[in-house]
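Over in Swiss-Prot, the protein carries these features:
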- 33-53: transmembrane segment (TRANSMEM)
- 77-98: transmembrane segment (TRANSMEM)
- HIS83, HIS182: heme b b562 binding site (BINDING)
- HIS97, HIS196: heme b b566 binding site (BINDING)
- 113-133: transmembrane segment (TRANSMEM)
- 178-198: transmembrane segment (TRANSMEM)
- HIS201: ubiquinone binding site (BINDING)
- 226-246: transmembrane segment (TRANSMEM)
- 288-308: transmembrane segment (TRANSMEM)
- 320-340: transmembrane segment (TRANSMEM)
- 347-367: transmembrane segment (TRANSMEM)
Amino acid sequence: MTNLRKTHPLIKIINHSFIDLPAPSNISAWWNFGSLLGICLIIQILTGLFLAMHYTSDTLTAFSSVAHICRDVNYGWLIRNLHANGASMFFMCLFLHVGRGIYYGSYLYKETWNIGVILLLTVMATAFVGYVLPWGQMSFWGATVITNLLSAIPYIGTTLVEWIWGGFSVDKATLTRFFAFHFILPFIIVALVVVHLLFLHETGSSNPSGINPDSDKIPFHPYYTIKDILGLMIMLLTLLALALFSPDMLGDPDNFSPASPLNTPPHIKPEWYFLFAYAILRSIPNKLGGVLALLASILILLLIPLLHTSKQRSLMFRPISQTLFWMLTADLITLPWIGGQPVEQPFIIIGQVASILYFSLIIILMPLAGLLENYMLKPKW
């Protein structure tokens, strides 16, 4: 069996990626999230496949087909709850994975980082089109509001929006194509994940200290397979607790009402994992400016490798940068809270301050802190 593992053309690739992979001996639980994201993706594809067997992408029957899945299909309620809450777990792991990358300087593996940002955007697109499918009130109005943002593009905006809608409003054509996108995008994500891993295994993983780990490597199996299984158990326990005890906690009550173009919900807001970007969008009183800020809030991640000024890779030995990183974390907890609040004072001003702080920390303050820490490293005698 050992020979087959090392000689068979297919099994050899798996062996080099998950079994005999040389891994740094000191990577912490923060390095668990890559494998957790892989498991999340598998769960989402499998539950999504079973939901697609019973779902109909027609405006007249979409809402009732979801109700039918929950009431009449064997364990349909469980599959749907796992799929809906699985998305929340996916994004939770994604945000922690990106945060780990920023804290420990993983972004200096530029190819891996850039593919990761593309993956983040693709997952966000998949989640957005997926949220439209149950055809509840928030599905319909969320689709209307977010697709309408494209009309802010000068000259071609209105044409572009109508092209995406497939008509003059969000209707049957929109729902059908969103279902098609929601079905195909996860497979594109799988392909991107393979490329992400390919680039990662070119360089190997970084580690908390930020120094070259080549002199001290251990095989991935059994050490990190066991460690990842612990993280997996914790994640699955959390997901099952959510799906079985409070499946609707993270959803919007408005989505229990069928979509009606004649009835606007009092507060249109996306799922919690988009609220940080939604808060930044709303904090700018100009439509085009808001759309650009929304895009910048995610695309700014592509600039992070270029803004690295420190002589050290990780934040482990950089107290000033650590303080700024945790300020950024606090800011990214404040923004979703603001995104879920009505547009009135004092939430407007808090959102604007939080948005300015978000961009300032990444573009100005953290690079300056890196330079200051470099200066403090120099001997003064």
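Note that Cβ sites are derived from N, Cα and C of the backbone, with glycine treated the same way.
Rounded to a whole number, the distance between the Cα atoms of HIS83 (heme b b562 binding site) and HIS97 (heme b b566 binding site) is 21 Å. Comparison of 113-133, 226-246, 288-308 by number of C-beta pairs under 8 angstroms to the transmembrane segment (77-98) places 226-246 first.
Between the CA atoms of HIS83 (heme b b562 binding site) and HIS196 (heme b b566 binding site) there is a gap of 24 Å. Remote same-chain partners of the transmembrane segment (288-308), defined as residues 6 or more beyond its termini with a Cβ less than 8 Å from a stretch Cβ, comprise 98, 102, 105, 107-108, 110, 113-114, 117, 120-121, 124, 149-150, 152-154, 276-278, 280-282, 355, 358-359, 362-363, 366-367, 370. Rounded to a whole number, the C-alpha distance linking HIS201 (ubiquinone binding site) with HIS182 (heme b b562 binding site) is 29 angstrom.
A separation of roughly 21 Å, to the nearest angstrom, links the Cα atoms of HIS182 (heme b b562 binding site) and HIS196 (heme b b566 binding site). Counting other Cβ atoms within 10 Å of each Cβ, the binding-site residues HIS97, HIS196, HIS201 show the lowest value at HIS201. Its own atom aside, the Cβ of HIS83 (heme b b562 binding site) has 21 Cβ atoms within 10 angstroms in the protein chains shown. According to its DSSP assignment, HIS196 (heme b b566 binding site) is helical. There are 22 other Cβ atoms within 10 Å of the Cβ belonging to HIS182 (heme b b562 binding site). Contact check: the transmembrane segment (33-53) against the transmembrane segment (320-340) gives fewer than three Cβ pairs closer than 8 Å, residues 6 or more apart, which falls short of the contact criterion. Sequence-distant contacts of the transmembrane segment (226-246) (same chain, six or more residues past either end, CB-CB distance under 8 Å): 29, 32-33, 35-36, 39-40, 43, 78, 81-82, 84-86, 88-89, 93.
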